[in-house]
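Q: My structure is below; once you've seen it, I'll send some questions.
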Amino acid sequence: MNTFFKNLNRFVSTRFGLVLTLVFLIWFKTLLAYFFVFDLDLGGVYQHVLAFINPVATSLFFIGLALYIKNTKAFYITSWLLYILVFAWLFSNVIYYREFSDFITVNTMLASSSVSAGLGEAALKLFRFIDLVFFFDFFLFGYLMFKKKISFDQRPFDKRSSFAVTALSVMMFSVNLFLAEIDRPELLSRGFSNTYIVRALGPNAFLVYSANQTYSASQDRAGATEEDLIPVEAYVSENYAKPNSEYYGIAKGRNVIYMHLESFQQFLIDYRLESDGQSYEVTPFLNSLYHSNETLAFSNFFNQVKAGKTSDSETLLDTGLFGLSQGSFMVTYGGTNTQAAAPNILSQLEGYSSAVFHGNAGSFWNRNQTYKQWGYDYFFDASYFSKQTEENSFQYGLNDKIMFKDSIEYLEHLQQPFYTKFITVSNHYPYTTSLVGDEVGFPLAKTEDETINGYFATANYLDSAVKAFFDYLKATGVYENSIIVLYGDHYGISNSRNPDLAPLLGKNSETWSGYDNAMLQRVPYMVVIPGMTKGKIIDTYSGQVDALPTLLHLLGIDSSKYLQVGQDILSPDHNQVVALRTSGYFITPTYTSYGGRNYYTETGEEITVPDESTTAALQLARDTAALQLKISDAIQTGDLLRFYKGSGLKKIDISEISYLNSLKQELAREKELGDASTSIYTKNGNKSTVDLFNSPSYRALHPEQFEPQTTTSTSSSEETTASSTTVPTTE
Ligand code: GP9
Ligand code: MN
């Protein structure tokens with residue numbers, strides 16, 4: 001044992017030995033943080049291995065830089081200083097994470113006081129006794145130095161070896177990055193969430209990544225001036241589509257309930273899946289809404305997202321502007337840019353309160369920062385809901401029925417009128433992992449592609465989750481006083497899989513074209529206005545960017561003073577050129593341009609040699625779409641809304657918003673208002689409505705499918721089959 005320590009001391013007494021020891025120490029401490037402080041949501045061996053190795057490369061790179069220094073004193077000071085810096089970054093994140101459940105970004109450091117808030121006064125409170133573990137080495141080294149057990153190495157490390165260390169660390173990092181990209185393609189370009197970067201590349205790489213993001217964003221922002229608003233304002237006023245008087249204000253003062261239908265494409269509406277000679281309606285409830293005379297349903301509504309997927313759709317629906325041509329707006333600018341989103345507008349104009357409900361970690365897509373800029377009062381993320389298990393969740397979060405059920409206790413304490421958004425997730429790729437147990441049973445499609453096969457079952461699950469929530473709204477009476485907007489965020493089946501989907505849509509895989517891909521970019525957009533009787537299916541061509549002006553007009557709010565680039569779809573002036581987020585892609589009732597080819601929208605016939613007038617018409621549509629994107633991009637990347645006074649909106653102070661104790665805040669507000677409180681809970685005579693939510697499983701809803709095959713009786717007894725788990729399935 002003694003010789004071991006002697007050898008160790010000798011090792012640490014060499015320059016290279018010290019550097020390696022420091023790297024080892026920071027590695028060890030990072031792993032402590034990974035497994036005891038951060039919630040990295042690690043799934044599978046691969047992600048665990050990645051997390052295990054990722055602190056090494058960057059730490060070796062940074063601390064290894066000290067080896068270039070010849071002077072003994074300078075070497076020791078620098079190596080310790082570098083070590084302390086790397087450690088300080090890690091430890092700050094440990095402290096910050098306890099408060100914010102997220103990592104420190106360069107943006108948060110620069111743009112808000114939240115870091116100083118997190119690390120200032122609160123830091124002491126957040127410091128736990130156990131944290132001394134993170135400092136054990138300082139005590140140990142101090143002691144060893146004091147006892148003169150470690151000596152200083154006077155021999156400089158030669159240049160070539162120092163370079164070899166740097167090169168080795170760079171190489172290790174490249175391998176790390178490569179492995180991370182295999183686990184999560186487009187990790188850096190899409191930047192899903194801070195957690196994803198940290199768990200794949202480590203906190204040091206995350207700092208560099210975040211600094212680079214902030215730098216490129218600030219370049220764009222710094223170049224912009226108030227003058228850049230001139231063409232924007234001109235565009236917005238020229239393109240303003242005045243409200244349709246038939247609909248203007250018909251939902252004034254009502255609660256707004258958004259239901260985000262994950263990966264839900266329009267083709268699912270009214271679709272029937274054929275399986276073993278039987279035909280199954282995939283989404284009976286959504287179909288009934290689609291055809292209801294309480295619903296304004298839109299049959300030619302397109303998603304306009306790009307790499308930011310869900311986050312892009314949220315940006316479009318909540319702010320009336322597009323996401324970016326690269327990456328996610330919410331990740332890059334969401335937490336910093338001035339924005340004029342629906343919750344903020346409605347709160348300032350009509351006194352609405354607002355909340356989002358979503359069963360995934362709040363840091364995903366940078367929601368926890370962006371929602372503050374959008375003016376959301378509350379954000380109920382996974383931390384508010386049932387603990388996730390293999391039965392009730394999958395990699396993207398809690399199953400929808402449970403998310404809805406768990407939401408009620410928070411929804412019922414929200415002051416009305418409210419603007420709320422429920423983001424579902426179970427109908428998310430890969431469509432094969434979210435449903436288990438009693439939710440399994442809807443038939444799978446039978447194509448070569450498992451992803452396609454599972455899509456209908458998860459869509460059916462989503463459908464029954466939505467129905468359960470509607471039933472709750474009706475049971476509480478909130479329904480009559482609300483406007484419920486349902487939308488699909490983006491495709492569920494990607495273009496590369498579409499040829500395999502073709503036969504299910506009655507099409508030919510061989511002749512499947514860019515036109516067919518374009519048509520599948522349709523997503524549902526349904527506005528349910530209970531009590532209204534003039535509901536219908538409207539075939540106007542439109543996109544997600546048009547949703548906010550449409551909604552504002554239904555609520556009786558004139559949208560003209562907000563810098564949004566879409567148009568009210570119900571307006572007689574609505575322009576039917578739909579810009580997709582990829583430049584050059586657009587769809588109008590007459591022409592479709594997709595993947596570099598042009599088609600007639602009605603027939604799908606390709607336009608190979610357009611005549612003069614067709615060429616001109618195509619050019620006009622192309623220019624219209626391009627200009628809309630250009631104006632949106634100018635606003636988003638230039639942060640132009642910070643200069644805009646015309647909206648009359650007060651600027652949001654995000655430091656006043658916290659999503660940590662949302663229920664407490666709701667209850668405090670309820671108490672403060674007393675009899676004047678308008679929450680569902682108060683209106684229900686201070687009784688909870690949680691029990692009014694009921695979401696039967698697939699098995700309970702379709703007992704006939706689960707009867708033992710030997711049974712000859714045709715009657716289906718719900719009690720016996722629904723509750724019995726011993727009955728074998730027919731599948
Ligand atoms: C996760 C969810 C999915 O929280 O919203 O996002 P997506 O992968 O569809 O962009
Ligand atoms: Mn999505």
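Every residue, even glycine, has its Cβ placed from backbone N, Cα and C.
So TrEMBL says this about it:
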TRANSMEM  12-37  transmembrane segment
TRANSMEM  49-68  transmembrane segment
TRANSMEM  80-97  transmembrane segment
TRANSMEM  126-146  transmembrane segment
TRANSMEM  162-180  transmembrane segment
BINDING   Glu262, Thr310, Asp489, His490  Mn(2+) binding site
ACT_SITE  Thr310  active site
BINDING   His428  substrate binding site
REGION    692-731  region 'Disordered'
COMPBIAS  710-731  compositional bias 'Low complexity'
Q: Below 8 Å between Cβ atoms, which of the listed ranges 49-68, 126-146, 162-180 makes the most pairs with the transmembrane segment (12-37)?
A: 49-68
Q: So what's near the transmembrane segment (49-68) in sequence-distant terms, Cβ-Cβ under 8 Å and 6+ beyond its ends?
A: 15-16, 19, 22-23, 26-27, 30-31, 34, 40, 42, 75, 78-79, 82-83, 85-86, 157, 159, 161-162, 165-166, 168-170, 172-173, 175-176, 179-180, 183, 199-205, 208
Q: Asp489 (Mn(2+) binding site) to His428 (substrate binding site): how many Å between their Cα atoms?
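A: Spelling it out, the Cα of Asp489 (Mn(2+) binding site) and the Cα of His428 (substrate binding site) are 11 Å apart.
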Q: Could you give the residue numbers and ranges of same-chain residues that sit at least 6 residues beyond the transmembrane segment (126-146) on either side and whose C-beta is under 8 angstroms from one of its C-beta atoms?
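A: Residues packing against the transmembrane segment (126-146) from afar: 9, 12, 25, 29, 32, 87, 91, 94-95, 98-99, 118.
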Q: What kind of secondary structure is Thr310 (Mn(2+) binding site) part of, going by DSSP in three states?
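A: Note: Thr310 (Mn(2+) binding site) is helical by DSSP.
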Q: Other than Glu262, Thr310, Asp489, His490 themselves, what residues in this chain have Cβ atoms within 8 Å of the centroid of the Mn(2+) site's Cβ atoms?
A: His260, Leu261, Ser263, Phe264, Asn303, Val305, Lys309, Ser313, His428, Gly488
Q: List, in sequence order, the same-chain residues at least six positions removed whose CB sits under 8 Å from that of His490 (Mn(2+) binding site)?
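A: In sequence order, Ser263, Asn303, Val305, Lys309, Thr310, Asp312, Ser313, Val523 meet the Cβ cut-off.
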Q: Between the Cα atoms of Glu262 (Mn(2+) binding site) and His428 (substrate binding site), what distance do you get, rounded to the nearest Å?
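A: Computed Cα spacing between Glu262 (Mn(2+) binding site) and His428 (substrate binding site) is 6 Å.
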Q: Under 8 Å Cβ to Cβ from the residue listed as 'substrate binding site', same chain, six or more residues apart: give me those in sequence order, or none if nothing qualifies.
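A: Same-chain residues close to the residue listed as 'substrate binding site' (Cβ under 8 Å, separated by 6 or more) are Glu262, Ser263, Phe394, Tyr396, Ser434, Thr458, Gly492.
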Q: For Asp489 (Mn(2+) binding site), what is the secondary structure state per DSSP, taken as helix, strand or coil?
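A: Where Asp489 (Mn(2+) binding site) sits, the three-state DSSP reduction gives coil.
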